[in-house]
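Engineer: Sharing a structure with you now.
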């Protein structure tokens, strides 16, 4: 039986090597509360504007030529009307909870949705694309929207608003918006650790600096376009993602647990990121700009370390299919789905469940209270 498992594990690893070309991630941590139908406006936040990867993509990939989509069941199982919106989740994302909390809208729509009216645009959209990253090579692997193009879409967005409200009012609107940036996992999990191209050029330390330099350039681009309140998420414990365990653990079927060497890469990256953001803050503070680091790693790791404390039962496999390798088209209407999504930290082999996203939002809420106080 063990021999059979070893053969199966080798076969799975081969499949996963190919499949990892089609992945991206998210963030996580306890108890879901019902959404309010009418969010109350807090302070003077005008809009929420979102950039990044599948952590914060509500469905932009629905409108581009990529296989990395999820606009079909069982995705959206716990969303309103069980709608598979294109979110890599059974329900809402962290940015949906944030938008509701700050009072601008209940859920953040994808910018590329052709049916969006001007009022939806005004209150905020997401430009994010699942599978994207800060390294220019990363989004080419799955043919998704790169970060510079997301910034170009934002410029286009500004022109649309200017046509509606005029240049001066548009600029004020952008200054009063909250910007959310969340990416980076794909750069390491898909790109550096899976494809040999970057490993031939960069040590892991040099690659971390390379990714951060690209992030810095993007943040500077946002600032030049008028962003004044920007949140930047760090990496989660990537060694705890079910698909990473399946691909890189020698005991993927018999003793599933976090792989520390991968998560250490995330902690080191997060340390460097915080230093870089602090330096940028010093340079921009006199202009009224604020950059906030969002710690994703520790809230997620706390859930994984002590899941029952947060109301979870299953940590190292996703709810969809076997939970070891399914995501995107491998998690589909024919897949097995666990009977209780709220018991699972992950919905598929990469992406957290709605409950995990809500738990993460709760852990980040004090930071958003601080941000709201700065408007």
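Going from the start of the chain as shown, residues are counted 1 onward.
Just so you know, glycine gets a Cβ as well, placed from its N, Cα and C.
For reference, Swiss-Prot lists these features for the protein:
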{"type": "ACT_SITE", "residues": "54", "note": "active site, nucleophile"}
{"type": "ACT_SITE", "residues": "348", "note": "active site"}
{"type": "ACT_SITE", "residues": "351", "note": "active site"}
{"type": "CARBOHYD", "residues": "340", "note": "N-linked glycosylation site"}
{"type": "SIGNAL", "residues": "1-28", "note": "signal peptide"}
Engineer: Given the recorded positions 54, 340, which one is most crowded in terms of C-beta atoms within 10 angstroms?
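Structural biologist: The most densely surrounded of these recorded positions is 54.
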Engineer: Measuring Cα to Cα, tell me the gap between residue 351 (active site) and the residue listed as 'active site, nucleophile' in whole angstrom.
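Structural biologist: One finds 8 Å between the Cα atoms of these residues.
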Engineer: Sorted by position, what residues of the same chain at least six away from residue 348 (active site) have a C-beta under 8 A from it?
Structural biologist: 88, 318, 319, 320, 321, 323, 326, 327, 328, 331
Engineer: Let's check the environment of residue 351 (active site): how many other CB atoms sit within 10 Å of its CB?
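Structural biologist: Around the Cβ of residue 351 (active site), 33 other Cβ atoms lie within 10 Å.
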